[in-house]
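Here is what TrEMBL records for this protein:
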| type | residues | note |
| --- | --- | --- |
| COMPBIAS | 480-515 | compositional bias 'Basic and acidic residues' |
| DOMAIN | 197-265 | domain 'Mechanosensitive ion channel MscS' |
| DOMAIN | 349-408 | domain 'Mechanosensitive ion channel MscS C-terminal' |
| REGION | 421-515 | region 'Disordered' |
| TRANSMEM | 20-39 | transmembrane segment |
| TRANSMEM | 74-97 | transmembrane segment |
| TRANSMEM | 117-134 | transmembrane segment |
| TRANSMEM | 155-173 | transmembrane segment |
| TRANSMEM | 179-203 | transmembrane segment |
Amino acid sequence: MPDFITNQLPEQITALLETYEWVSVVSSIVILLVAAWLSNFITKRWLVRGVFSLIEGPPKTDENGKRVKRDKSIYYRFGFISRLANVIPALVITFGIRLVPDLPAVVVTVVNNVANAFIVLTIALALGSVMDLINDLYQRRPDAKDRPIKGYLQVIKIVLYAIAVLLMIATLLDRSPVILLSGLGALAAVLLLVFQDTLLSLVASVQITSNDMVRVGDWIEMPDLNADGDVIDIALHIVKVQNWDKTITTIPTRRFISGSFKNWRGMKETGGRRIKRSVYLDQNSVHFMSTEEIERLGRFSLLQDYLTDKQEELDSWNTKLEERGKEPVNTRRMTNLGTFRAYMVNYLRASDRVRQDLTLIVRHQGPGPEGLPIEIYCFTNTVEWVDYEGIQSDIFDHILAILPEFGLQVFQQPSGYDMRSIATPYSSPDNDDTANERSLKNTPEGEPGDEDSESHGGKDESGDEEPDTDTNPGENADTSTDKETEKSTKRSADTSTNKEPDRNKNESTRQDKTT
């Protein structure tokens, strides 16, 4: 048996291979593929895992002493290690294909070229993963939002991939890359059209970064693109904005150069958010204040100094008028509106929630059909939305509540309730009864009503008054005057209550009695 294994079996295998040459070729290729697979398995199973273990450090345990699972994100961040591991089996195939006997030279060349092109592609992808790792590590820096480098890294990746594609084509065609580069001049125009967006985005990205126009985390507004929110990503081609309704707006990078946008970063850096809102006053409520009103407003601690200083100023001014100052129309006097403005300025100055080092104004604006706008212009001491809205609401709540103290009224358009309140005194049934009672009270005691008077004296068909022949002419004249007054009063009441059917009935009755 040992003699068979050592002498006879090799001779039989050699004879078989000499008889069937393709068997040796196939077996060599199978051995080469198995060797490539083993090299890939060993590299990724032991070498790559060993490298990841060194990067991650010793195994960690929880409070119970159990081993904590490894963070799988490390495989993504350091993905270039796994990609480089793919080079090992490609190198095995590159050098092993030459050892396969009886293979045509063309096949060897093609396999070598394909393996070399795969190696170039693998190295390019690994370098791209390195760029992603650099950006990921850079994002951990505190100043990463101010100076993002993602756009620059993407440009480097594009150039790297372009070179890789050029080398792969040259390797597959078995030509020098210099020859391919010399032929790119004719394709320059085509390449410019193909990479037009990339070139424009590259220029825009460089300008945005160098001029510090936009950072990740900035609140920007672009109304023409319906973008209003925080910037969450700045890439080479696009900028992503998360709107306040949590939708995402994707904006081409070049639009930040070709168009305009609003960046609220200055507001956050200042630490104060502006309040710019008006309250509309009824202009009819503005008047000069009397002495009693001035004394009553003197109990406001925020107005005591103002009233004293203002009164001294007015007295000094009015003293110079001499004789003309005896007439109030020629003198300067305090108004309730001016006093209210002074009160609001002092109120805002006394608030610790309003920035005192920034602009603070309480001013008039042009009056219009909506009333007289009094604008509050100041800055809060916070930029947080909820706190800002609370401060602003508190200020205007106080304004609306304190206005009656100054004799001022807020102007607003009449509502449906206001219309009903106006119409109620004229259309209610109680008022109709009141009008009828008034007409009856105007009738002298003992005289008949309207219908009875019409039975004694009415109108003929021509519209002329018929005299009553049963009464004294002198008394008839006085009675006719009283009756006419009574008729007019009652007719007016009927008209105001729109009692057209009753009027038609009286007219028909009058015609019948006249007949």
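Just so you know, glycine gets a Cβ as well, placed from its N, Cα and C.
What TrEMBL says about a protein is an automatic prediction, not a curated fact.
Fair warning: this is a prediction, and the values are worked out from it, not measured in the lab.
Note on the domain 'Mechanosensitive ion channel MscS C-terminal' (349-408): DSSP counts are 23 helix, 16 strand, 21 coil. Looking at the domain 'Mechanosensitive ion channel MscS C-terminal' (349-408) alone, the prediction's average pLDDT is 94. The helix, strand and coil residue counts that DSSP assigns across the domain 'Mechanosensitive ion channel MscS' (197-265) are 22 helix, 25 strand, 22 coil.
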